[in-house]
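Working notes for the structure below.
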Amino acid sequence: MADEAPAAPPAEGEAPAAPAEGEAPPPAEGEAPPAEPVKNTYTLFYFNVKALAEPLRYLFAYGGIEYEDVRVTRDEWPALKPTMPMGQMPVLEVNGKRVHQSISMARFLAKTVGLCGATPWEDLQVDIVVDTINDFRLKIAVVSYEPEDEIKEKKLVTLNNEVIPFYLEKLEQTVKDNDGHLALNKLTWADVYFAGILDYMNYMVKRDILEQYPALRGVVDSVNALEPIKAWIEKRPQTEV
């Protein structure tokens, strides 16, 4: 094809041609060009464990987002605690502003890396699953952290015989109904959240809770096999939980 001649400049007093579709207009005379978008800075504060922060680390890894992974020691925590929004962790600092609530932080990161739904209705489907997983985790935690041995033994019977099977059977069926995922028939942050929090739940009950739930195991294995998350797992600090 022959080369096209360059467009003639506008005549004196004539308005310049409009920019092509999708093209940013040039700055007006004497006006500075638009600034480059500011890159967000992220810092995650938590103890040197996976637990509640690991889903957040998974989401950072999935999105290839750089962040500072601050692992606070027990000795450092008393001095740091008053500086946190609610005196607890995990806490996420974004551009110098600190926020708490691990589920809300995970949802924020999921939106950032494109793992949410395409509509409010789809987001609701994902949120329902994540909140159900969190309810499940809390029921395990209540028993795991019970200080009285005799009471704990009684609670463990109900937990193992009723609570754990109830939640896992429901979630197992959810995966079967969603083409191997926990929502929307595709990878969402519900899958990533579950894979990230599983080690903590296993730690609290001292066993692999997915032994009899192959569909859920498939979700976790698929997430952990994603290249950026696999790379994170290989390099992360080795901790008991």
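Every residue gets a Cβ built from N, Cα and C, even glycine.
Keep in mind the model is a prediction, meaning the values are calculated, not measured.
In Swiss-Prot this protein carries:
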type	residues	note
COMPBIAS	1-33	compositional bias 'Low complexity'
REGION	1-35	region 'Disordered'
DOMAIN	40-117	domain 'GST N-terminal'
DOMAIN	119-241	domain 'GST C-terminal'
For the domain 'GST N-terminal' (40-117), residues assigned helix / strand / coil by DSSP: 32 helix, 18 strand, 28 coil
Within the domain 'GST C-terminal' (119-241), residues counted as helix, strand or coil by DSSP: 92 helix, 0 strand, 31 coil
